[in-house]
Structures are given as structure tokens and as C-alpha cells.
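K.L.:
So TrEMBL lists the following for this protein:
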- 4-67: domain 'TGS' (DOMAIN)
- 248-559: domain 'Aminoacyl-transfer RNA synthetases class-II family profile' (DOMAIN)
- C343, H394, H524: Zn(2+) binding site (BINDING)
Amino acid sequence: MIAQDEQIRVTLPDGSVRQYPKGSTGLDIATQISEGLARNVLAAKVNGKVQDATLPIQEDANVQLLTWNDAEGKATFWHSSAHLLAEALEALYPGVKFGIGPAVETGFYYDVDLNGQAFSQEDFKKVEDKMLELARQKQPYVRKPMSKADAVAYFDQKGDPYKLDLLEGLDDGTITFYTQGDFTDLCRGPHIPNTGFIKAAKIMNVAGAYWRGNEKNKQLTRIYAVTYPKQKELDDYLYLLEEAKKRDHRKLGKELELFAFSERVGQGLPLWLPKGTMLRERLENFLRRAQVRAGYSPVVTPHIGSKQLYVTSGHWEKYGEDSFQPIKTPDPNEEFLLKPMNCPHHCEIYKTKPRSYRDLPLRLAEFGTVYRYEQSGELHGLTRVRGFTQDDAHIFCRPDQVKDEFMKVIDLVLYVFRSLGFEDYSAQVSLRDPENKTKYIGSDDLWEKAESAIVEAAAEKGLRTVTELGEAAFYGPKLDFMVRDALGRKWQLGTIQVDYNLPNRFELEYIGADNQKHRPVMIHRAPFGSLERFIAILIENTGGNFPLWLSPDQIAILPISEKYEDYANDLFFTLQENDIRGFVDLRDEKIGRKIRDAEVNKVPYMLVVGEKEAAEGKVSVRRKGQGDLGSMSIDEFVRTFQAEVKI
Ligand SMILES: [Zn+2]
Ligand SMILES: [Zn+2]
């Protein structure tokens, strides 16, 4: 019989508590649960800290067994793969020295000093093969605590200056070595149980990287790679990368003539071309209509505001230094700022007249263009720009209306997502850090009410949410939406944010039923986030094949020869009267070429007209992605089109 004190109590994530002999490992626990789990467990999270699945657990603990499906499991897998890469490199490039080898978002890298030996694309395969050969040996990652003196002696003897440099910063008693096969590394871990988990490897890329990120130091070779537990997963990942390249909104934006950038206009300032503008206006009109139905009042405010406005709002103090600098006027007492956000302007609109509790909620909506300084290295297509238009609105309401307003905004956001084909979405609720309530503005009571209002609203709307404690802004809790695109990538989109700060700073008030003055709650919300970013995501999600109602050119009329130009032009005007937009291809080209070009430009409907169509008053219809739909009367085509274009 085992004495009571030799048992530990392990609490699993489902809340169940089990007893295990003291010194059991994560792997032991997994084995007891199921063989399958034991085969897949990569690491164990013990009281919040990730450790080797093979490390003994000595006391009562919360234990989560990590697999490939957990972000921390993946990170452990990839970091362990960096050791495998190093082992392969050491076998192939004698004398190679090692810097650091962390996991990154997808995969891992190792910074290495190849002693002047060349390493390029042609060498990738050789290293990948070596990694897999070593992986097949299922070498365990063996952990060994080392004294600092022994650790220094080891790397001194091996002649690795980078590891010696790292050791200088470590305290005696905290140092561990890990060995798999013939390769030993200085590392605090954790690692997967053995190299056999790694079934597929791909070197992605090499780049230069200064040791410790300091350009005074030697430049090392940074080798980026990715590994997977199954070859198929690697294949899928590489396919997605290729597909993502094809769908890159910067590439498609140029090809489809949606937007452009000009150095002369300035970095990060998109120029919307006619087709992109058409797309953008349709999106705006779509949301405008939905917002009017949802009780919003449109407003328009200027692109600049007096510096004092942003001193009042607090933006000047917080962002002034790192933003566009004030605009001067001939009057030395006057200074203006490019508008970095619309909220202060909307607060001033609120203040234009006295408000009563019966006037609330007041919902002010504006497609407001704002300007934020981003460093040029941070700019990226339409997703990081210096001037962009928010589909912004501010809701001023009573504290008891917060939940209802959240429900309504969630409805609106989901309507937008569904209308645009984003079926896979989730949300994050960001709440206060319960351990540190003092850093937040607004009373405890208000926060508690608002937080439970958000949580309840999200639950009643059936949203899939994760809750993050401590992620709220100092001025209020929020709900952020994430969508997954056609390639499985996650994008952060719209946000709904409670604000207790600005109503204070602007001294907003309403007269309550009690005839007393009260402070309204302000809610910021933007379903798209910004039009620029949203359109970028939309381009990448659809690959440029926009839904019919959004397509810049919805139809292309393709006359077989110039004899049918008059008929084509008449047809064009008839369709235009029915709100169907596009163009007539009057080029002197063969019909096959015209069809091909319309396909490349992702025009949804191609209407071919020749002798028969002109004589019978018909059109020959081709739908992109569906092919030939046959011949139709013009009325019939208009009905077909209108049935599809409805959202
Ligand atoms: Zn390691
Ligand atoms: Zn705002």
C-alpha cells in the first residue's frame, strides 16, 4: 500500500481531480488517460508553466497535457525542431556555431555561424533530409542540470562563443543542457519527448541577423524552417502559402485596378482607383442602409481638429509625440491636428444641445477618415496605412442600456459578416484584471455592470467567445471580432468598446428621470474596423471574385464584331437603367480573347452578342465559375441578375 504522503493530487482542465504517485510525469498521466493521448502529448503545463512531459511532478498541481492542437504544444514542437535542425547542421557543416533557436508564429529559426561556409536554396533539401533521418531515430531530448562552471567548460572546449556569451547572463543553479543524439544545447526547455514526433520538415528561408540584434556584432545566418507531425499537414501549409501569395491584396489590387500608391503622394496613403472606389462605395452604402435601419444618425466632421480638442480628449498627451505634428496657420495662436480618431468630434456633437434620458441612446455614425503616423517599415498594403476611413459610430447611452446596445451592435456585425461570406467568426471579450482594479477609470459598480452586460449579450447572441482578463483598455471593457478566411487565416475585424473616459473628459451629461445630471456611457464601434483593412481582407478572402453586388464591373458586354456595336450599346444603357454596371468591350479582338480577358478581370457576367442575339433581342450569358447559361431575353437576364444580387 502506498502511503498518503507519496501521492499527489492532480487537477485536470475539466476540473476532475486524480491521485498519482509523487514524481509521476505528464506522460505517465497521459498514459493512464489513454494510449492515444500518450502518443500525442508534446509537453505538460503544470501550474501554468510549460515543462517537459517527461519531467516528474512533485506536488499537487493543475496539469494540462499539451498536444499539437494547443498553441503551446506547437511552440514546444517547433522549438524542439530547432534543436533537430542544429543537430543536422552540425552533422553536415563541421565547426558550425549556434546562437539562439526559438519558435516563431509558424515554425522556428536558428541563428548560426557557418564559419564562412555557403548556405543557400540548393542546400535546403540536404538539411531537410538529414533532419528527417535523425528524427526517425526517435532520439529522446534528455534534460541535464549543469553547474555554470561545467557549462562554460563544455562550450569553451567546443569553441562556441555565442553560447559562452549567453552563459554569462545566466545564474549558477538555473542552467540546463538538453541532448538529443550527438547534439547538446544550452537550453531551459521545454521540449517534446523525442524527435520521432517530427515527420515533415521544410527550410523556408535564410536571412542575415546580427548576434543579439546589434549591428556592431557579427552577422549570423538565420535559418527559418517549419516542421509538422504529418507530411500532409506540411503539404497543406505550403499549398496555403502559395494560395495566399496569389491572393495577396497588393497584387490583386494592382491587377484588378482597385487602388494604387504613389511615392509622390506619400507612403501609406492609398489612392482609390475608379473600380476600387465603386467597390468601396457599395460597401459604404450597404452599411449606411443597415445603420439607418438600426437607428443610427449619420454625421460628418472635419479632417482636422484644433489641438485643444485632443488635449481635452487626452490623445495629444498619449500619442502627440509619435504622431503627425500640429498644423500651423498664419495665426501663431492657432494649431490643428490631423484627426487621429473621430470620437472627440462626436463628443462635441453630443454637447450641441441638452440631452435627456429620453433622448438616449444617441447613435452617431460617420465614415470618418483618420490619419495616424506609422513608421515606413510598418506600412503594408491596405492593412497598415497612414490615412484610412473607419466605419465609425459612437453610441451615447444610459448605463442600463449597455447590454441592449451591445446586442444590437452584435446583430449588425453578424449581418455584415454573413452578407460578405464570412461564416467562421469568433469574438474575444476583454475584461479588467481582477488583481489590479486600480489602473482602470470608472467606478467598480459601472465596470461590473458593463462587463456582465457584454458577457451576457455575447452569450445570448450565441457568439463563440474567449474571455481575456486584463486585456481591457484602462477606459473600458470591449468585444473584438475575429474572422477566419477561406484559407483558414484569422483576421481581427470590428470592435465594440465601452468608454468611461471621454464622457468624463468632455463632461457629457444628460438629465435623468430624477431630474438630476448623469454621465452617459460611450460605446465606440466599427464593424469593418476600417474600409481599407476590410477591403484587403475581402480581396484575400474572395481572391478578387467579389459577390455580385460588390463587383466593380458586374457585366461585360462582348460584341462578336463591330456590326453589333449598336445593339451592344443599347443593351448597355438598358442594363444601366436597371442598376447593372459594367462596360462594352469594343476592342477589335476575337471573342475568345474578350471572354478570356473578362475572366481574368473577374467580371461575374459576360454577355456575348452577335447576329442571332441582335436579331432576337437576346443575350448569350456566361457566368464566371459556372460557364455558359445559354441565351436569354434581356428581361430574363435582368431578373436572373436581380435575384442573385439581392443581399
Ligand atoms: Zn531548447
Ligand atoms: Zn471612437
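In case you wondered, yes, glycine gets a Cβ from its N, Cα and C as well.
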K.L.:
Highest CB neighbour count within 10 A among the binding-site residues H394, H524?
P.N.:
H394
K.L.:
Starting from the Cβ centroid of C343, H394, H524, the recorded Zn(2+) site, name every other residue in that chain with its Cβ within 8 Å, sequence order please.
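P.N.:
Near the Zn(2+) site, the remaining chain residues are M341, N342, H346, C347, D392, A393, Q497, D499, L502, M522, I523, R525.
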K.L.:
How many other Cβ atoms sit within 10 Å of the Cβ of C343 (Zn(2+) binding site)?
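P.N.:
Here the count is 23.
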K.L.:
Based on DSSP, tally up the residues of the domain 'TGS' (4-67) by helix, strand and coil.
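P.N.:
The composition, in the requested order, is 17 helix, 28 strand, 19 coil.
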K.L.:
Under a three-state reduction of DSSP output, how is H394 (Zn(2+) binding site) classified: helix, strand, or coil?
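P.N.:
DSSP assigns H394 (Zn(2+) binding site) to strand.
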K.L.:
Provide the three-state secondary structure of H524 (Zn(2+) binding site) computed with DSSP.
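P.N.:
DSSP assigns H524 (Zn(2+) binding site) to strand.
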